[in-house]
Structures are given as C-alpha cells and as structure tokens.
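Copied from Swiss-Prot, the annotated features are:
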- H76, R80, T257, R259, H315, C317: heme binding site (BINDING)
Amino acid sequence: MYDWFKQMRKESPVYYDGKVWNLFKYEDCKMVLNDHKRFSSNLTGYNDKLEMLRSGKVFFDIPTRYTMLTSDPPLHDELRNLTADAFNPSNLPVDFVREVTVKLLSELDEEFDVIESFAIPLPILVISKMLGINPDVKKVKDWSDLVALRLGRADEIFSIGRKYLELISFSKKELDSRKGKEIVDLTGKIANSNLSELEKEGYFILLMIAGNETTTNLIGNAIEDFTLYNSWDYVREKGALKAVEEALRFSPPVMRTIRVTKEKVKIRDQVIDEGELVRVWIASANRDEEVFKDPDSFIPDRTPNPHLSFGSGIHLCLGAPLARLEARIALEEFAKKFRVKEIVKKEKIDNEVLNGYRKLVVRVERA
C-alpha cells in the first residue's frame, strides 16, 4: 500500500474514487484535520446500511456515534473537557502501568504471541482501572473488536447481536450504579454529568474500547519494527520515547480517518462540493517526502517527527498521553527482559482502517 501512497502523492494528491475524496499529502491532511469548521466529524446519515445488508453485512448502531469523535463544537468541547484532566500526563497512573507491564512480562516463556499475551491485556487492564470496572480482558477485547470493526457477516448476526446487547447492558449497569454517588472514577464522572443517557453510554464505551484497540496495535507494530530494523539496543540505551514516535509514524495504528465538507472547498486544483466525504490518509501523510527525510526508513531517534498518527486540531486524540506512556513503559520493560531472536508467525488485521496484528508470535531469550 505504501507504494500506492507514494504514487498518489506524486500523481494525484487529491483523488476522487467515485464515492469519496482521498488526500495523500501531509499538508492537505493536516489542513483538513485542523479545520473543523469546513470539515466536520459528524458523519450522521453517511452510513449506507442498505448497501451493507445487500452485500451480506449487518451494521449495528452502537452509541459511540454520540461522542467527541463524531461531534463538532460546542458539544465536542463539552464532551472532551469532561474527562480531559484524567488524561493529563501528570495525572496518569504511571506506577500501575509499570506494575501491570512487569507482571505480564513475568508470565511469558521463550515463545509467545505478543498480541494475545501482552499487547491486548495491558491497555485493557489500565483503562479498566481508570474506569473503575472489573477487568475482564476477553469480554472487553470482544467488545472492542465489535465496535472497531462495526461490521459482521450475516451468518454471524446472532453472536454479534448478543455481544452488542451485552456491551450496552454492561455500560448501563456501570453508569447506573454510580448515579448520585461520590465520584471516584471516570465512570462516576460520566454518570453524574449533564449528558443525555445515549451520550453517557457512548462516552463510557468510547473510553473503554477506543484506546485499547489502537494501543494494542501500537505495541505490536513497535515490537515488529524494533526487531526488523535492529532498534532494540537503541531502546535499551536511550529509552523508548523517540522510538515510540517513530513507530507511530512508520506503522500508524490507524491508517486513515474521514471528514465531511460543510461547504464547497478547494484543495489544490480540485473543487469539492458541500456534503462530500473526504478520506484523510494518515499513513501516507506520515511518509511524505516533503516533510520527512528518508521517510521509508525506520529511524528510532528521528527528530523532529511531526507525524499525524494521533490526529491534529480539536480532535487530537484525548488518550494520546496514555497511549504514549503505555507503549514507552511496555517497550522499555520488554527490552530489559528479552532479546527477540525471531518473529515466528504473524497475521495482520484484515481492516482498511486499523493497522496492526491479530497474531505476532516471537521467540526470545533473556536479556
């Protein structure tokens, strides 16, 4: 896909594929992400459910559309400000992240699946602690997959429908149990806010699942990148701070995002009408030759590194500080304990938006 990105940046940086406008250059992608007045995140009405049903797919309306991800100001600002303090770097549970990381690593043998044994449980256990919920890793992962993918084959409708109902029931139960009580966790803060019930459910579900899916991808991608590009010694000597940023740029957990135009706009030589969908290819922007020197090389100490993997503008990822913290500690502790001898098996996620591994089996020796 990266060869296609390079070709499109050169030949058709603003490209209409018959349904959606696609942007490939860093400058254009960042401009759209920063301009919420002309490029909206509110995509209500743009999910063609009939087409999905005809193609043997089933769509479930999960209340995550009632969140800061899919809203514009002033609602967006109200939603974001509700929990912003909890994701301030100075308020993050650093000691707990390290404690969980060390425990998970201590349980691993000489050959293991990085994703299942480490990259999945770590962010789920951390966000569960912050939300004040029982950390059921398997259930939260199942729900995360359901919301992240949002599509299921028609022959899976009953199992997917059951998971969906479990997710909604769980969110309502947790929120209801905290209404009118002292606020001691993020769930309590949401439950006792002035948001509508749908907004509360959407907010709770977003916090529970949004970060863990992308952080899992980040950790898995970074372990592969550090192994393939011989970066583990750098991490042991200098720490993982800059190397995590390079993993975010080189192998972004999310390949692209989407906006809808609120008025007629012109990008380069292309005029885009109001109400058109615009696909922002973050993965392509992160390899733009005009911004990044030697963009197709993995350089663990790359400076500066203005990648767009956490977005930009008002929708800059709220959980970015937490994801960075989890990834940095995870990779530094991993480097202290192990040396990767071989990547035994890997299986990519089959998804146009999410970029990561379903399975990443490594063979290691003690460092």
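Cβ atoms are placed via backbone N, Cα and C, with glycine included.
Within 10 Å of the C-beta of H76 (heme binding site) we count 19 further C-beta atoms, all protein chains included. In three-state terms derived from DSSP, C317 (heme binding site) belongs to neither a helical nor a strand segment and is classed as coil. DSSP assigns T257 (heme binding site) to a strand segment in the three-state reduction. Counting Cβ atoms from all protein chains shown, R259 (heme binding site) has 23 others lying within 10 Å of its own Cβ. The Cβ neighbour count for T257 (heme binding site), using a 10 Å radius over every protein chain in view, is 19. The Cβ of R80 (heme binding site) lies under 8 Å from the Cβ of M68, I314, L318, each on the same chain and at least six residues away in sequence.
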